[in-house]
Structures are given as C-alpha cells and as structure tokens.
Amino acid sequence: MEHLANENSDSDIRYSFLSTLDHLPCELIRSLRLMQTIDLFKNEEDEPGMERACRDLLLVATYINDLVDDQIHFLKQHKKELEIQKSVTKNFNSSLENIKSKLTLEEPGAYKEPKLLLKINLKKAKSRERKESITSPTIGINQGDVTEGNNNQEEVYCFCRNVSYGPMVACDNPACPFEWFHYGCVGLKQAPKGKWYCSKDCKEIANQRSKSKRQKRRK
C-alpha cells in the first residue's frame with residue numbers, strides 16, 4: 001500500500017492525507033507509554049513527585065488531544081479538497097464526452113445529405129427581401145449523382161461551383177457572382193438572421209451600391 005501511495009501521491013490528493021498519518025500511530029504509542037510511566041510515579045508516596053507527575057500527565061493528555069484534533073482538521077480539509085477534485089473531474093469528463101459527441105457527428109460519412117427532390121433555378125428564384133434556407137433536392141438523385149451532372153450545363157453556385165442541393169443561403173449582394181451557397185461550404189448550420197454576405201468584399205460592394213442609391217434619391 002505504501003508503494004501505491006508513493007506512486008500516486010502527485011496525482012491524487014487522497015494519498016497526501018495518508019502521508020500525514022505515517023507518524024500518528026508512533027506519536028500516540030509514545031505518548032501513551034509516557035502516560036503509563038508518569039502514572040507509575042504518581043502512585044508513589046512522594047507528594048512533590050505526585051504533583052509533578054500529575055502535571056506531566058495533564059500535558060501529555062493535552063498533547064494527545066491536540067494531535068487527534070489536528071488529524072481531524074486535516075481529514076476535513078482533505079475531504080473538501082477531494083470533493084472539489086471530484087467536481088472538477090466530473091465537469092472535465094462531461095466536457096470531454098460533449099467534444100467526443102461533436103467530433104463523432106462531424107466525422108466524414110456520419111452526416112447523410114438528403115436526396116434532392118426538385119431542381120430549382122436559384123438565379124431566377126432568388127429573393128432579395130430576406131435570405132432563408134432552402135432545400136432543393138432532385139428526384140431520386142443523390143448529391144454524388146448531381147455532381148456528375150455538372151457537365152449537362154446545369155446552373156452551378158457557391159464557391160464549390162456545384163449544383164443546388166440541400167440547405168442553401170443567398171448572398172445579399174445583388175452583384176455576387178456565386179449568388180447561392182451551400183451551408184456546409186460557408187460553415188452555417190441554420191438560416192442567418194438579417195442580411196448575410198459571402199465575403200467582406202461583397203458586403204462592401206453592396207454597402208457602396210446602397211449608399212450611391214441613397215445619394216441619388218437625395219438629389
């Protein structure tokens with residue numbers, strides 16, 4: 001047990017408390033033997049010796065009491081530290097499980113794209129009032145099959161220059177060359193609130209166009 005305690009003393013606060021108990025039995029035994037010796041002197045008829053023995057006996061008893069009180073205090077302190085350690089370990093394990101769950105969901109092949117049910121020409125159907133997500137699947141055709149159909153002069157969008165599939169979001173810049181973007185390509189998981197731009201350049205261009213229109217109206 002001593003080997004295990006020494007091996008884990010740096011990693012577990014429970015073993016640091018055990019180290020405080022190493023000398024406790026020896027101290028108690030030594031003090032009890034001293035009390036026994038003093039008690040023998042107390043039984044002698046020498047009155048001054050009896051008084052001195054009583055005083056020494058009281059001192060030893062007080063020392064033993066303080067020794068036990070100190071160990072009780074150490075025990076309570078280490079109990080609190082152990083509870084804190086358990087709480088920290090529990091929170092760490094919980095956070096680790098959440099991270100593992102997210103990593104598992106984001107593994108390649110873990111997410112299956114929905115089948116496309118309907119082809120949509122997004123360049124004609126694009127709305128400028130509010131950008132909302134849209135699922136535009138093609139009947140009986142998976143995403144991989146649609147990629148092969150790019151050679152059939154289908155409309156392509158997004159930075160990936162692919163056809164429309166799954167949830168997509170439109171750039172609020174009317175002059176954006178890509179117009180619509182797949183959620184996965186721009187790091188979205190749900191429809192953005194308010195205006196959304198695919199890049200800083202698109203946002204600056206849109207703001208300049210809007211500013212120019214306002215100036216023309218004032219004139």
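A Cβ is built for glycine as well, from the same backbone N, Cα and C atoms used for every other residue.
With helix defined as DSSP H, G or I and strand as E or B, the zinc finger (155-204) counts 9 helix, 9 strand, 32 coil. Annotation comment: Swiss-Prot describes 155-204 as zinc finger.
What Swiss-Prot lists as site 'Histone H3K4me3 binding' is Y157 (among others).
Swiss-Prot lists C158, C160, H182, C185 with the feature Zn(2+) 1 binding site, giving experimental evidence as the kind of evidence.
Among the features that Swiss-Prot reports, site 'Histone H3K4me3 binding' is placed at M168 (among others), with the record citing experimental evidence.
If you look up Swiss-Prot, you'll see C171, C176, C198, C202 marked as Zn(2+) 2 binding site. C171 (Zn(2+) 2 binding site) counts 25 other C-beta atoms within 10 Å of its own C-beta, drawing on all protein chains shown.
Swiss-Prot lists D172 (among others) with the feature site 'Histone H3K4me3 binding', giving experimental evidence as the kind of evidence.
Of all the Cβ atoms in the protein chains shown, 23 others lie within 10 Å of the Cβ of W180 (site 'Histone H3K4me3 binding'). Sequence annotations record features per position, and here Swiss-Prot assigns site 'Histone H3K4me3 binding' to W180 (among others).
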Entry from the recorded positions list C158, M168, C176, C185 having the most other CB atoms no farther than 10 A:
M168
Counting Cβ atoms within 10 Å across all protein chains shown, which of the recorded positions Y157, C160, C202 comes out on top?
Y157
Checking the contact step here: among the binding-site residues C158, C160, H182, C185, which have a Cα within 10 Å of the Cα of D172 (site 'Histone H3K4me3 binding')?
none
I'd like to know the mean pLDDT over the zinc finger (155-204).
88
